[in-house]
C-alpha cells in the first residue's frame, strides 16, 4: 500500500508525519507527490500525527475511497494554526491483516529494533541503558557485537508496544519515491507488504552500501541530532609551550600516526593545565567531556573494589587518561588523583571525536619498530584480504621436492551484514568482525584456516644434513625473534616445525617481501644477505636494516594479520627456509597458547594465589618471567637490592642466612612456594640467600608489575613478612642489613660458585705492573717545563689542585642541546674503593635511591622499552704512598635521539688530569663534528684527533708533562638502532645479549698491544722501539732508552714516543628495536683478569634477574677479588658503565642513570 501526500498545506519543509494504525507505526518526511509505503492500513482506524506537535487527526479507511481530507487541529499549547492535508491511499486490502505477524528475523527486524531504540530517547532513560549495554558488551566481548546489541535491545524493548514514537529521523521508517513510479520487485527471500510485516519495504537510503562498522563509541546523528561540522579550536600558546607539547605527544601512542594537518589542529586545541598534588581530576561514575595527556608528574588510577578505593595503575609522562569516557560515551570507569604536582594537556570531546577517534582507527601498525606502509598500501592490502580464499597447497610427502612459495589469501572475514542490502542473511557461522588497522590484536586473535584440531602439519623432505643445519640455525641464531618464537616450544613441536619448513630460492634483486602485501610466509635466512627498506608517504624507500644467515622476518604479518610493513630484497642469490601461515599459527602460536594455559594451571595450584580471580590469574600468567637455575646456584643473595619475588615452579630450594659462623640453612622450599616478598614489598636488602637444590625453575615478578596486577595480595604477603622471626638465632650471627663492604664481597662468586670453580680451574695471567705505576721517575716531572718543579709528585699533585682550570669542569665544552651530561671529577685524598666525585648537568631533578643518585628522563628512541644505566668508578690501591687520585673517568651524554657513553683510563703521574679533560672534550668535539649523525666513523675519528690536539695545548698552557702520562679511551654511541664503537688502548667495550633464550657475547674490543704486527710496524717506522721485557709482555721505548715503557700502542697523551696513534678502531652493529642487548664500557681494572666472553657469562643472567645496579657492583667486586688473588694489595682503579637496552625497570621515563656519588671521609 502507498500513501501519497497530495497537498502539504502550509507545513514547513521537512516536517515529519506519523501514521498510527493500532500497533503499526510509520514515520517519514512530508514532501508533495512522494509515496510512502505503509502496511496495516484498512484494518484499523488511522491516526495521523504531525511531529511538529501541531496536532493529530484520526479517520477510518473506506472501501473504494482513495483520497482523504485530513484536517489537523492545532493543540492550544502549540500556538500553531489549523492545517489541512490531502492524502491518497492506494492498495488497501479488503480483508484484515494480522499485525502481530512480524515475519522472520531478517533485516526488517533490525530496522524495527532501531526504531524502537530511537523512540526511547525521549520517553525513557535510554542514555543510561545504552551506557550499561556498552559496558556489558565490553565485559562480555561477544563474537558479534551487533547481534549482541540487537538481542539485548529487543529484550529491553519488548514492553514498548503501543508507545508513541514521537521523534524519528525522517525517511528511516519508510521508503519515499515519486508517486506513480513502478515498484521494484521484492526479492524472493525479502519481507513483502503482503504480510503483516511492520518493517520497511526496502532498506533506508542513503547509503545503500554500508561502510566499515564504526566503534561502539560512534554517536547517533539524525535530522534532530545533526552532527555539526567541526570548527577547530585555537588556544593561544607561546613557542615554549608548543615545543613542550610536541615533545610529549611524540611519545604518546594516541598521536603517533596523525597527519601534520591533524597534529596542528590537536596542538591548537589542547590547553595546559597545572594541578597540585592531591587534586582529584576524575571521579569514578561522573560524566566525561575531556581527556588529558601527561607532560610531567604522576597520577594514581583508583578503582573502588569491594567497597574500598585501590590504586590499580600509575600514570606518568606520555600517558593519556580520560579517553575511555570519550571513546565509549560512558561514565568515568575510575578515579584519577594527582600523587604529585602535574603538568597536563587537556583535549575536549569535540576535537577528540573529530580528529583523534578517526585517526586512531586508521593508525597503521609497526614492523619491529619500522614505520608501516602508507594508507594506500594498507587499503590495497585490505582489498586483497577481502578476496575469496585460495586453496592451500597440498601437503608434500617426504619424497616431494620443496614447492614454490604459493601465496595464500586469507579467508574472507568480512561480516555479511555489512553489505547494506535488505536481504535475509544466509545461515552461516558468525565470524568475528575484522578490526580496523590500528592497535595490534594478540597473537591468538586470528582464526586461521587449518586451525581445526584435525589439522595435520605438512612434511617436506630434507636430508639429515639439511635438517641438522636448520636446527642449528634456529638454536644458535643471533636474531632474538627466533628465540622468542621457538624458544619455548617442546621438542615434539620443534621437530614438527623442522618438518614443515622448506627451502625457497631467491634470485639477486628479488623482493621476498613487498611492503603493503598480505603476508603468508615466515622466513629464516639460510644463505645470502638481504636489505630491508621502508617507504614513508611520498618519500623514496629508505634502507633501515641489513640481515644475513640466521635472521628471521615475516612473522609480524602472520602474528597480527597486518600487511607487510617493509620490503626485503636479496643482495645476491640466496636461500631461505619458509613456513606457511597455517603451519606457523598451529605450531608456533598454539604452542604459546598451550604454554599460557599450563602457566595458568600452575598458578591456580599455588596457595598464595587462591584469592585471585581467574582474570587476575591470566593477567599474572602474561607478565611472569621464567628463569632456570643449576644445582647450588644462587637465586637471590643476602644483602642484594632488587625488587623481584620468586615462585618455585619446578625443583627445590633452600634459604640460608650468612653470619660469622658461615651460612645457616633456615628454610626449604618446594614447588608452588614463594620467596623474596620482603624485597618486593619494602625494597629492603635481601634478608637471606636462596639456592637451588638440583635443577630448579622459577617464575618471578617485579615490584611495578606486582602493584599493577596483584594489589589484593599485598596485605596477605605483609602478614607473612615476620616469618623470619623464628630464625633470630641465625640472624643474630648474620651481618644482616648492615654488612660492610668486605663482608658483602665474601658472598659473591668465589663463595657461591666454589663447586663450579673446582670443576673448571680459573686460568689467570700474572699481573705485570706498569712501569709508570711502580716507579715514578723524577726526571719525568723535571721535564715538565722551565719552572722549578716541586720536590715530590705529591707536592705537584697538591699544587695542581690549587689551579681551578685543572680540576673544575670546563664551561667551554658544555653541549647546550644535551638533555644529560655526566662525567667524573677529581678530588684529593681519595682512598681505596672510594667513589668518584660526579658532575652532572641535566634538565631533570636528581632523585635518591638509597645511597645512589638517580636520574630519569624521557628521550627520543627507536627501542621498544627503557634504557637503564648504572655506573661505578672507584679508586684503586697502587701503593701505600701513591698520591694520585682515581685516574679513571667516564662520560654519559644524551643529545636528541643519540646517547654517548665513554671511559678514559688514565696512566702515568698525571693520568687523572688527562682523563678528566678527555671526558669533557671527546663528546663535545663529537657533537660539533660536521659528520655527527651522518658518518659516524669519520665523526669519531675527528673527535679523537681534536681531543688530542686540545689535550696537548691545554697541558702545555698549564705546565703538565704528558710524555709518559695519557689515557686509553673508548666510546659507544647509540643512534636509534645502531651501536657505534670506537676505542684506543685497553679500555674495552663488551656488547652482549641478556635475553634468556639468547644470552651471548656479541662483540668485545681487543687491546691495542705493541706486539701486534701492524702496531709494531707503525711504531718502529716512526722511530720507537718495541721490546719484550718479560715473557708475553712488550713495551714501547724511545730508541736506546728505558723511557717511558708504554704498554699500549694507541693512547691519548703519551707524547714521548713517536708512532703512538690516536686513530680509533671502529665497529658498528645494528640491533632490532626489541633486542635485549647490553654493553659494558669499562677500564682495564675490569678487563685485566676477566675476558669478554667470561664477563658476559657472569653478567647476562645477573642483569636479567638483579638489574644494572647489582650487576655492575657484582662485576666490580669480582674483578677486585681477582686483583687481590694475583697481585696482593695492588689493585688498579676500576670503572664500569653498564647500559641495558629494552629494560622493563624504568619508571617515569625511558632513560635512567644510577650512580654512586663521592662521600668525603668522616673526620
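Glycine is no exception: its Cβ is also placed from the backbone N, Cα and C atoms.
Annotations in TrEMBL come from automatic prediction, not curation.
Per TrEMBL, the stretch carrying the note region 'Disordered' among 39-83, 84-128, 129-173, 174-218 is 174-218. Checking the ranges 707-740, 741-774, 775-808 against TrEMBL, the region 'Disordered' annotation falls on 741-774. Note: the domain 'Cyclic nucleotide-binding' (608-727) comprises 41 helix, 48 strand, 31 coil (DSSP; helix = H, G, I, strand = E, B). Residue counts for the domain 'Cyclic nucleotide-binding' (485-605) under DSSP, split into helix (H, G, I), strand (E, B) and coil, are 43 helix, 39 strand, 39 coil.
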